[in-house]
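Novice: Structure below; questions to follow.
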Amino acid sequence: MQPVVAYLEAPVRPTKSPKCDQTFVSRIGGPQNGSFTAPLLHNHRNHSRQCLYTFLAGPGQRVEVVFKSFNLRGSPPDGSAVGELPSCVHEYMDIYSEVQSSEPAELINSPFGGRYCGAIPPRRRISMYRAVAISFFSNKNVSTDLFEGTFRFINASEYEIGIPIAGSPCSYTITPSMSINKTGALISPTYPGAYPKDMSCTYQFLGESNQRVRLEFRDFDLFFGGPHCPFDYVKVYDGPDNSSALIGTYCGQQRNLVLYSSESSLFVHFYTLPRTANSQNRGFKGIYEFSESFVKLDFIRENDGIHIRGSECDQKILSNKESTGVVLSPNYPYPYIQKTVCRYFIYGMQDAQHLERVRLEFISFNIPKVEHKDKSESNCTDGYLKIYLKGQETADAYDKFDYELCGNETQRVISDGPRLAMVFSSGELQGRGFKGKYTFETEYKIPGTAAPDGTCSFTYVSSSKKRGELNSPRYPSNYPSDTNCSYLFLAEPNEQVTIVFDHFKIKADNNVNATAGSYGSGACFEDWLEMYVVYRDNNDRLLGRYCGLTAPGPVESPRGAVGLRITLHTDQESVASGFKARYFFESAKSDAGDCGGNFSNEDSGIITSPNYPAGYKAPGRGMASNACNWVMTARAGYKLSINFEQFGLEGDPANRGCPAAVLRLWVNVDSDQPPLELCGEKPPIEHWHYISTGQTARISFTTSDKTVGAQGFRIVWTEIQDSGPGPPSIGLLCESTYHFQCAAGYCISDKLRCDGVKNCGPGDDSDELHCDANSTHLPTFLQTLVLSIMALVLNTYN
Ligand SMILES: [Ca+2]
Ligand SMILES: [Ca+2]
């Protein structure tokens with residue numbers, strides 16, 4: 001190659017002046033390094049002066065230029081492109097490190113390597129080819145000690161890392177045959193000097209068919225243009241060219257970047273933007289290795305795992321919804337390779353609809369254990385399997401493991417959340433490794449004893465816990481759709497269980513339960529909660545079905561019951577936050593509860609809330625609930641008329657239900673019909689009048705520890721003659737002369753006439769009319785006759 005003749009036709013033509021150009025050429029036997037300093041200029045008239053320093057390496061060489069000191073006048077542009085701003089105007093240095101040809105005019109056409117002034121020296125430069133030129137310009141007067149540096153002619157063979165690809169100064173094909181031990185160095189052009197701009201270099205690694213390629217970047221320094229590397233980057237592809245799957249895009253500073261091909265080839269693309277930014281990054285240096293002894297990936301692929309591209313043997317296993325599978329150590333069932341680290345990331349589902357956890361149990365396990373004299377020291381000092389129950393890959397906290405396994409012990413673990421991670425590290429000793437079975441289970445986040453089959457069934461047994469909480473799946477997050485859950489509360493024989501709801505929001509498709517009395521049953525069609533009283537022999541009785549905002553009232557399991565059961569049904573449509581409740585197992589009360597009673601062989605009676613009309617109060621301190629149970633039984637051939645004369649409980653059936661206090665009325669105790677669940681205020685003009693369908697009716701009034709208090713209720717019940725099934729027959733003649741026939745037609749005991757209580761039902765005062773204290777009662781049929789005549793007379797007058 002001809003030496004560069006280094007005359008520069010500068011844009012600003014220097015004035016005629018003493019020559020200040022310098023040329024440093026590598027010659028056989030000549031000096032291979034040296035130093036250079038700024039010229040001594042006497043420039044009294046501030047003429048423009050330009051000095052060109054040329055460094056020219058010999059064949060097979062490159063030039064390295066290092067600046068030791070730098071103190072040019074002016075200030076460099078701050079963070080902007082060099083030369084764009086009117087800075088570095090009067091004095092500056094231009095660097096050209098990609099001088100390709102020895103033609104005199106070539107320097108101007110060479111890529112511009114940057115303009116520098118101020119106090120910060122340019123970074124080290126290594127020539128792309130054989131020459132580096134620096135051009136110093138000044139129109140200041142006396143100048144001295146402006147810059148100082150050293151140069152070195154270095155061997156260029158380090159940069160020739162494979163078979164060059166025509167048309168590119170920095171692209172190579174690398175095969176195992178061309179390197180000693182199938183390993184070699186990978187180095188970017190001009191490393192560790194600042195890399196040129198507008199460059200595209202490729203490195204194609206082509207191994208033998210049974211080999212994989214490993215790349216280890218030991219130094220990596222590219223301009224950082226943002227998280228996705230929009231400017232300068234290195235892209236690594238898992239295959240022979242850039243149409244192969246991308247392993248990653250890298251820029252900025254990288255540490256411990258080690259990448260493996262999945263198969264026999266790997267492709268690296270180093271690209272720098274054709275901009276003139278003032279970045280001066282080094283590029284990269286690393287080593288590559290072709291080998292047959294990297295982990296074979298079959299142990300991942302054959303077991304539903306996904307190899308994490310770029311890693312030697314890391315894998316990811318994703319749930320297929322409650323799916324199950326196997327994880328293996330590399331090479332299983334054959335002994336694993338020494339000194340290998342493989343990671344396992346096992347991910348359960350986690351979205352609006354699903355939440356899973358991972359259960360893992362080992363079927364076989366063998367990682368040789370090193371016996372230590374000091375028993376306190378961990379035995380897993382050679383190989384180990386570390387398990388992270390919370391996943392760990394994001395926190396990168398690999399030292400904070402939950403289990404460290406070695407030897408032959410097996411373990412059963414459950415993740416704490418949807419992710420479980422494992423790190424297998426084989427040491428010097430070889431072992432057979434492990435085989436584990438993973439199962440993705442739905443995570444309900446419900447306290448209680450979960451069913452072993454993983455379904456949403458939870459049991460609460462008095463003997464293990466006397467009080468606690470329960471909630472819908474994943475509360476306070478929305479419950480999942482298309483789910484059925486059950487909560488079973490089992491009391492001891494001398495106990496009962498109480499449940500109080502504190503939050504309730506179940507998706508209902510329209511405005512249900514708006515009418516008092518209809519609340520609690522048969523009105524929820526989308527999602528719902530049901531409560532049952534559980535008796536022996538699986539004989540469950542429905543207490544009610546609830547949805548919307550209508551919370552169930554507090555409930556105590558009745559005496560004789562085994563406990564209570566709650567079920568939650570959700571359909572495939574929309575969801576809500578669900579419910580939260582508390583349960584209490586307490587000593588059983590009598591049938592009547594804390595108040596209440598049992599009535600039979602009586603014509604009529606009055607039921608009031610405790611303390612009526614002064615108002616009921618919350619249960620005593622420390623008590624979960626208070627209940628009054630009344631059972632009324634009519635004689636054979638009779639039914640019960642139940643009239644709510646006055647009713648005022650806290651709560652609002654339509655908008656929040658009766659979570660604090662509730663009255664339940666069973667008009668048909670012998671059927672599976674749930675009771676009516678009542679709270680709120682009965683307007684005086686409204687009639688709440690019920691007739692039992694059989695001989696017996698039941699009323700229970702339950703308050704809870706959330707009760708605030710209200711006036712309460714007064715209910716009049718009366719036996720009415722009716723032997724037929726279904727609704728009472730009215731308007732018939734009463735069977736017996738000992739009966740009084742109400743205006744509405746009901747036949748009630750004659751003794752109830754004029755007793756001061758209205759027994760004929762709402763809006764019918766007939767049993768309490770014409771009650772002259774001295775007059776004897778007319779027989780019923782005569783009374784009816786009199787009333788009819790009176791009505792006729794009145795009509796005539798109108
Ligand atoms: Ca739904
Ligand atoms: Ca009466």
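Each Cβ is built from the backbone N, Cα and C atoms, and glycine gets one as well.
Caution: TrEMBL annotation is automatic and unverified by curators.
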Novice: Disulfide-wise, see what TrEMBL says Cys742 is paired with, picking from Cys734, Cys754, Cys760.
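Specialist: As annotated by TrEMBL, the paired cysteine is Cys760.
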Novice: Is the count of Cβ pairs under 8 Å between the domain 'CUB' (313-441) and the domain 'CUB' (456-586), pairs 6 or more apart in sequence, 3 or more?
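Specialist: These two segments touch.
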Novice: So if I measure Cβ to Cβ from Cys760 (disulfide bond) and keep only same-chain residues at least 6 apart in sequence, which ones fall under 8 Å?
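Specialist: Within the chain, Cys760 (disulfide bond) has Cβ neighbours under 8 Å at Thr718, Cys742, Ala743, Ala744, Tyr746, Ile748, Ser766, Asp767.
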Novice: Under DSSP, is Cys742 (disulfide bond) part of a helix or a strand, or is it coil?
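Specialist: It is coil.
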Novice: Helix, strand, coil: count each for the residues of the domain 'CUB' (456-586), based on DSSP.
Specialist: 3 helix, 67 strand, 61 coil
Novice: Within 10 angstroms of the C-beta of Cys742 (disulfide bond), what count of other C-beta atoms is obtained when all protein chains are considered?
Specialist: 25
Novice: Within the domain 'CUB' (595-720), how many residues are helix, strand or coil going by DSSP?
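Specialist: Its residues fall into 0 helix, 68 strand, 58 coil.
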